[in-house]
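Asker: Shown below is the structure under consideration.
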Amino acid sequence: MKSKSSRTRVAILGSGSIGLDLMFKVKASEQFDLKFVVGRNANSDGLRLARSCNVETSSDGLDFLKAHEDAYDLVFDATSAAAHKVNNRFFSDAGKFVIDLTPAKVGRLCVPCINLDDMGAEQNVNLITCGGQASLPLAYALKQAVDEIDYLEVVSAIASRSAGIATRENIDEYMTTTEYALAKFSDAKKTKAILNINPAEPGVRMQTTLYAYARYRDFDRVRASVADMVEKVREYVPGYRLVVEPLESQGRITIGLTVRGRGDYLPEYAGNLDIINCAALAVASHRHATARLGATQ
């Protein structure tokens, strides 16, 4: 077991479902020393749970982290897009590395299986959206295998119980940021993102379908590129798998996937939250390894 002095000191800002699932993931890792879980409501279920897990908590939000800035090195921001834009002013001035789990689009966009190695010097890394983390690997794989993508549409369906207040408040930002990232990572001429919140009980597992109109010469190359990318995602999101292999019909390509959560805190059907948290851990682990390598040279 690593000593605490060799671990990266972590603060989690946001005590909702994403923040709590992150708490369990961080506590299970020997790379990190979880210092704080910070929220806004002292009586919230999230902060009560964190306290019961022997984690120091505060309901003073960003003010608490300002007052304790020497006690942590890395922040997971699991608040909202609007809040993150305010929060990052302090984190940037204080030289804190931030992993942004909101669709604020302030920092460098990251999908670990695509561009994790480019994140070494970034102060702020943005994880786009849950639908983005699910669909962008396939969009990028498609780009590698076709000549041109004229239109790209992504439809994600998630369980209502996995869509918290922040998710519902950020719907507009979700669409805008996902569509922007789809265009950036696929070079598609036009993109569209749709999010369906399914009220069915028991909760349904996250599913994402990608539709594309593209020009290609060898569809076997598309299949191979997608299959290779799925394996790369599964290295940090074990529950990621295709349910519809790439299909073609008159220039239209369809690919379907599902994400089963790891069940660290959230139900297995909440793959939409699990995938963005797994991506966050991948980024944090990369930064930890980079920092430790630099310290030994």
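Using the three backbone atoms N, Cα and C, a Cβ is placed for every residue, glycine included.
Checked Swiss-Prot, it gives:
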type: ACT_SITE; residues: Cys130; note: active site, acyl-thioester intermediate
type: BINDING; residues: Ser15, Gly16, Ser17, Ile18, Ser162, Ala163, Gly164, Ile165, Ala166, Thr167, Arg168, Glu169, Asn170, Asn272; note: NAD(+) binding site
Asker: Can you tell me whether DSSP puts Gly164 (NAD(+) binding site) in helix, strand or coil?
Answerer: coil
Asker: For the residue listed as 'active site, acyl-thioester intermediate' and Ser162 (NAD(+) binding site), what Cα-Cα distance in Å is obtained after rounding to a whole number?
Answerer: 11
Asker: Based on Cβ atoms within 10 Å, give me the single least packed residue among the binding-site residues Ser15, Ser162, Asn170.
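Answerer: Per-residue Cβ counts within 10 Å for the binding-site residues Ser15, Ser162, Asn170 bottom out at Asn170.
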Asker: Given the recorded positions Ser17, Cys130, Arg168, which one's Cβ is surrounded by the fewest other Cβ atoms within 10 Å?
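Answerer: Selected from the recorded positions Ser17, Cys130, Arg168 on minimum Cβ neighbours within 10 Å: Arg168.
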